[in-house]
Amino acid sequence: MSYIEQRRKRRILVVITMLIVVALLAWVNAEHHRHASKQGKRSAHAGDPGTIVIAQANDADTLDPSDVGSADTLNVARMLFGTLYDVSPEGNLQPFLAESYTYSEDGRAIHFKLRSGLACEDGSPLTASDVAYSFQRAANPSNHFTGNASGFLIPSIEYTGVTVEGPLDVTVHTSKYNPIAIGLISELSIMCRVPYEHMSLREASTHPSATGPYKLAEWVHDDRIVLERNPEFKLRTPRYDRVIWRVIPEGSTRTAELLAGDIDLTTGVPPDQIDAVRNSETAKIETVTSTRRIYVGFNMRKKFQDTDGGRAIQDVRVRQALQYAIDVPTVCEALLRTPCQRAATLVVPRNDTSGVPAFPFDPDKAEKLLDAAGYPRGKDGVRFHLRLQAPRTLYGDGNVAQAIGQYLSDIGVDTQVDLLDLSVYVLLTRQHEAGPLFLLGTGGSTWSALYDMSDLSAPNAGTNYTGWHDPAFFAGWKQLEQTKDAAEQQRIMNEMLQEFHAGAPWLMLYFQPDVYGVSNRIHWTPRADENITVY
Amino acid sequence: MIGFVARRLWQSLLVIFGVTLVTFLSMHMGGDPTYLYVNEHASDAEIAATRAALGFDKPLPVQYLRYANGLLHGDMGTSLTYRTPAVDVVLHHFPATLELALFALIVALIFAVPLGILAAMKRGTPLDGGIMLVAMFGQSIPSFWLGIMMILAVGLGLRWLPISGRVPVLDEIFAGNIAEGLANIPHAIPYLIMPGMTIAFFTLARTTRLVRASMLEVLSLDYVRTARSKGLSELRVVGYHAMRNAMLPVVTMLGLEMGFLLSGVVVVETIFSWPGVGRLVYNAINHRDIPLVQTAVILFAVTFLVLNLAVDLLYAQLDPRIRLNG
């Protein structure tokens, strides 16, 4: 075979190969679109006016109404289950399945009047005995629930029992008056007794029987949850026929799916992709200052008192000094790419009437306070050493913690930042062993200052991660139990917040700015309490 | 042969013992594991009761024996997030990972073997240099970067392929719906291409280099020279005589590669939202679901050992000169 013939053969081979590759790509593309449109007919998709597709990082842990806990799970559960009262987007408590409530004279019994005509998913009437069952099931220790209802709500209201007085009348009993009980009870999902009595706990976790606006149509674990309108729910008319929750753990992928038009709404747009969404023609950014407080806790427990920094932070002047060292607006602008204001107390600004100012950025004042507290700079410029522990993947991906470490080092407090995997970090905080400085973000509420303060409900409360035990602050809780007068309650709370500010157990940073990506196809306004409601 | 298998099984048991010990200790590395099982508002009495109920108040050796006894009876603990036996959860996610790994392996082989042979035959030419450059690139770039670039270019820019999601094939086949599983293959391929190519790229690069090196060595041997001198065509010399021996190290590596692909998909599954074991482990770590992580690690270890053993046995079949009882 001549050289020219060989070259011709090779060219033909190359052309044939390229044709095959192009044909394969065309086939793959056609198959994808055919399958997508088939799926569209079967289960609807983004772009269908009756469907909204929402992406979040995590799948639901469980759809057992008594056991839901994580924020992502709660978002789905709120679509499936009604509550006696609920919180409006503006942060007001409003009737939902119940039309009214009344406290008994001693404040230890709360009587709820249910609306008439309520129904379970199977069409049977939803009555007071279903409400009672919902409380009893969540409070039953033999169920070993660890979710929000059993872990927080039931113990917080000091629930002692529930009685049914009629088909629409039910009373919840508590051991003492609690001014925020209605708000807490607004987080308890109401479930129907009959379907759940016939389900094991395992079945109940995956087969929800709805009492809310939507019911479960399909749940493909770690992939999607498809909800469709619950025809038995008549209280409100949902905006969409179908809500599809897609589970996409990686923030960049969620953003890409949003820009590609495959989803309508995504949570947690990464800071470095905010501009990409803003500059796109298909989606926009919606931000809201959330009720989640990001702070650095001072762990004052004995375990840390033998360390250099652990000993220093026992002194309130040191704790106050460190507050002046952080330039919070710059941290937000530079790392979160979103403006945010410095938090003054643990109560969200709309509920805070204490008048307590946020600590301004004033490193000179910080240095003076440290000098006065007996911690002058040494020859190496260091006053003392501290360790700050933080999760690697939350609250700004560890960058915020690094920045704080640098700001503290700038005033002579040599700060070592330990970034830990979330699994390890959460275990440490739960055991109150993170520290002596630790970065944390805990959720407040839109509806009550007292709820926001309940993290510090007692010196030994599980959520008092700092071990702060200021007697004046904690005495406030006793006073609050003894009054039902709103103005008096407000006065006591304000005094407690002033005490909190002076004692400075938390280095308040900011209320977390939540960043959502929203398709131009839909109109949606984010809520400060991180709830995603589309009904 | 029997002696070899028996020895390898014994070694495997030792390895599994080591893996179970490490996974058991991992439960205790972050502190008292009792706190994983209670909510943060639990009282000291509740925490103590849970600790006693789960046996975490016992000495570590006793706890390990209980754990090992559970494993021997197929009890790998209950997932904290799924509230079901951890082994069921992992096995439920396994077909997705196996599907991705098999696809990646097939893609890698389809490209790596011809490229490696071509590079060996054109040694020292620009074509050889080009192939080796791509191989080096494939071994150097991190998979998360490649994955995100593919999403941006192919998924978002060109809109050729779906960015995330999956159409199940093996799940249907394992569930006995063979016809449905096979019918899903054409629909599944568009979803497989980007994550499959992302994890295949590293294997492809490594295998190409190995095929090239192995082929170069074999091509210099006397029997190849003899075959050529007999007047056999180059296609027959390379494709039949040389390739059979050149593939021996590749077969050895493929077993390990399959193990690597199965266990190394955490990042890729997370980026492409692929509902496999890798992503399951990632979520389990974030949710502190230690029993799930332990189960996945043990199952990966067992898969790795089985694959290794299979490769050794296959190796002996391919090359009769190798004696396994040695």
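Keep in mind that glycine also has a Cβ here, set from the backbone N, Cα and C atoms.
Automated prediction, rather than curation, is the source of TrEMBL annotations.
Under the heading domain 'ABC transmembrane type-1', TrEMBL lists B:94-315. The transmembrane segment feature in TrEMBL is assigned to B:12-30, B:100-121, B:133-158, B:188-205, B:246-272, B:292-315.
A contact between the transmembrane segment (B:246-272) and the transmembrane segment (B:12-30) is absent, since fewer than 3 of their C-beta pairs, 6 or more residues apart, lie under 8 Å. Packing against the transmembrane segment (B:100-121) from elsewhere in the chain are residues 127-128, 131-132, 135, 192, 195-197, 199-200, 203-205, 207-216, 219, 238, 243, 246, 250, 254, 257-258, 261-262, 265, 268-269, 274, 276: each is 6 or more residues past its ends and has a CB under 8 Å from a CB in it. Taking Cβ pairs closer than 8 Å, the transmembrane segment (B:292-315) reaches residues 4-5, 8-9, 12, 15-16, 19-20, 23-24, 26-27, 71, 76-77, 79-82, 86-87, 89-91, 94, 248, 251-252, 254-256, 258-259, 262-263, 277, 280-281, 284-285, 322, 324 in its own chain, all 6 or more past its ends. Only residues 6 or more beyond the boundaries of the transmembrane segment (B:12-30), in the same chain, are considered here, and those with a CB under 8 A from a CB of the stretch are 60, 63-64, 67-68, 71, 288, 290, 293-294, 297-298, 301-302, 305, 309.
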